[in-house]
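Colleague: Questions regarding the structure given below will be posed in turn.
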Amino acid sequence: MATKFPKFSQGLAQDPTTRRIWFGIATAHDFESHDGMTEENLYQKIFASHFGQLAIIFLWTSGNLFHVAWQGNFERWVADPLHVRPIAHAIWDPHFGQPAVEAFTRGGASGPVNISYSGVYQWWYTIGMRSNTDLYIGALFLLITASMTLFAGWLHLQPQFKPSLSWFKNAESRLNHHLSGLFGVSSLAWTGHLIHVAIPESRGQHVRWDNFLNVLPHPAGLSPFFTGNWAAYAQNPDSTSHIFSTSQGAGTAILTFLGGFHPQTQSLWLTDIAHHHLAIAVLFIVAGHMYRTNFGIGHSMREILEAQRPPGGRLGAGHSGLYDTVNNSLHFQLGLALASLGVITSVVAQHMYSLSPYAFLAQDFTTQAALYTHHQYIAGFIMTGAFAHGAIFFIRDYDPELNKDNVLARMLEHKEAIISHLSWASLFLGFHTLGLYVHNDVMQAFGTPEKQILIEPVFAQWIQASHGKSLYGFDVLLSSSSSFAASASDSIWLPGWLDAINSNSNSLFLTIGPGDFLVHHAIALGLHTTTLILVKGALDARGSKLMPDKKDFGYSFPCDGPGRGGTCDISAWDAFYLAVFWMLNTIGWVTFYWHWKHLTLWQGNVAQFDESSTYLMGWLRDYLWLNSSQLINGYNPFGMNSLSVWAWMFLFGHLIWATGFMFLISWRGYWQELIETLAWAHERTPLANLVRWKDKPVALSIVQARVVGLAHFSVGYVFTYAAFLIASTSGKFG
């Protein structure tokens, strides 16, 4: 007899209902719960799966390179980056009529194509790629790398190559290896690529494998390095009149601290970027030698944590017991990793536009908008995941004995204070921000706009001024030429930085006013409310006054039956589920703000944002409605254009989003009755009744229906805004 899905759970495999399928899918990745799973096998499975993950990433990036080389216009774009639209790939669609074929044939292509809004053209150009051959070689290299990682994953599942549990628990070796090897050496290698290939290429000197060993990246070679005259590498940088990718105005410096942007490309100086990566490399290679492994020297993580006890004794046992708690809990480690990754992803979103690293990216407005939005949404999903695994840690891995009176135990002991403070902050922000917006709406509606409450963000303006923005006239720190801060850096990076921060042609420290003040606090409301829900979910995951034995019910449970009133919706999973809605809400406000602010900046019409962003109708009418009007009338009986595909995506994004509510609002009994009726009809319908199934149809559980609803809500939400963002930006700026 064939074994039924799921193989990993005999209990589920023998379930006579369709629950077998849905619960099987739901628990497929919950390795801990699988039959016969040991701790060692768990670590080995996860370790091997990382190689599979890398293989997928390399295959995907290889595909990007291959399709641009095959179907794109990279070489044409390289010749004129500001006026040629970069092509992602061709479109082969049998549904296209002649108007569609004409509308989508652009960028010098012979047939319909997709325009690239990912920034890969700018990235490849900046790092020294110039021809389709370069792209093909890159694609081939990544394909080989993908094969190698796939093989490595398979290899580490073979008995003789499976690492032991003690190897996985060796925190110091792993830290050294990852700090020095992963971050340090890879940063050093990247510095090498920038200095040997990218910087010469930006100066019109072509370096490839054939001449790699005979072209000196710097006229003086390595002698300044060995004689200690390192300053030589910073002398004679590219001039402000340098034309990128040519020798015109080019210098010879390879490691600089110029500050600001290259005037033509509006991106950071490549020599500054190389210097940054070299500094990071040195820092991490040193950091990777700090922990005690083979030679009995260096730090022990356990000793560091045990030593962290607050003096005076009133603040408990500090970090005592944390080493074993963290080292023995994969959920704790994953929570920390996701929190770090979430923060860095949001920082990437912020820096990709404000300190643009790639040549000509700053002039490609749609790509900037797409990259910002993409990274901000991903950051939101990753951050909510961090709290989810934090909650699972408290349920499955937390040992009260091991953590007596340390920071974790004390967090749990005063959770009421934490949760109520977050609640107070959320309520304060919500009522005051909404109150100001609504007051301003009323004043606009009654024809007295001068009675709006408009608050200048003076503290934020002061911070901008202290970084060198002179517009506000604060004359403080870097915006005051007589300050010590200004004189200390005057001969190095400061002139370039001051030019950049006071220029109106980039997004560094945008001028802010009352509209920014309001939306800043709306975003703060969203962040605090999301955090409140997530923190409450994790801190109440083990139990609460209402349900002291909650941890015995696991991470996700619908209710403890009708006997205990009020136990519905209080599992840690429910908190995660609710928080995702607030997270999406918050990222929505963040991206709305960023996009509208930049649209008006790029159009030279900042007054529109300044005047309309102080009341809600302004946001709805002058941002959402005004910019979606092309999409709402995207295709009609009189024809279509290249925005039609986004208009269609805008529509079906809304439909997916709306489908979510069907699962979120109607509950299990409705679906059970419906399914039983459908099964009855199916079994009595000719032809249809030839198809039979062995599993008795049962409705999704409450938790599963919520997952389905949440998935539709999230996917529809993202699709809708993606279509709106790309269409409204590319429709204006091409």
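Every residue, even glycine, has its Cβ placed from backbone N, Cα and C.
Annotation source Swiss-Prot lists [4Fe-4S] cluster binding site at C559, C568, citing sequence analysis. Per Swiss-Prot, the feature chlorophyll a B1 binding site maps to H654; the stated evidence is sequence analysis. As annotated by Swiss-Prot, chlorophyll a B3 binding site applies to M662, Y670. Sequence annotations record features per position, and here Swiss-Prot assigns phylloquinone binding site to W671. Summarising the annotation, Swiss-Prot assigns transmembrane segment to 46-69, 135-158, 175-199, 273-291, 330-353, 369-395, 417-439, 517-535, 575-596, 643-665, 707-727 and lists sequence analysis as the type of evidence.
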Colleague: Per 10 Å Cβ neighbour count, which of the binding-site residues Y670, W671 ranks highest?
Modeller: W671
Colleague: CB neighbours of C568 ([4Fe-4S] cluster binding site) within 10 A?
Modeller: 15
Colleague: May I ask for the distance between W671 (phylloquinone binding site) and M662 (chlorophyll a B3 binding site), taken between their Cα atoms and rounded to an integer number of Å?
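Modeller: With the alpha carbons as reference points, the distance is 11 Å.
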Colleague: When you put C568 ([4Fe-4S] cluster binding site) at the centre and draw a 10 Å sphere around its Cα, which of the binding-site residues H654, M662, Y670 have their Cα inside it?
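Modeller: Passing the 10 Å Cα cut: none.
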Colleague: Between H654 (chlorophyll a B1 binding site) and M662 (chlorophyll a B3 binding site), find the distance joining the two CA atoms and give it rounded to the nearest Å.
Modeller: 13
Colleague: Once near-sequence residues are set aside, which residues in the chain of M662 (chlorophyll a B3 binding site), 6 or more away, have Cβ atoms under 8 Å from its Cβ?
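Modeller: Long-range Cβ contacts: G709.
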Colleague: Using a Cβ cut-off of under 8 Å, list the residues of the same chain at least 6 residues beyond the transmembrane segment (575-596) that approach it.
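Modeller: Residues 369, 372-373, 376-377, 379-381, 383-384, 387-388, 391, 516, 519, 522-523, 526-527, 529-530, 533-534, 536-538, 540, 609, 613, 619, 623-624, 706-707, 710, 713-714, 717, 721, 725, 728-729.
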Colleague: Restricting to the chain of C559 ([4Fe-4S] cluster binding site) and a gap of 6 or more, list residues whose Cβ falls under 8 Å of its Cβ, or answer none.
Modeller: T567, C568, D569, I702
Colleague: For a quick check of packing: other C-beta atoms within 10 Å of the C-beta of H654 (chlorophyll a B1 binding site), how many?
Modeller: 15
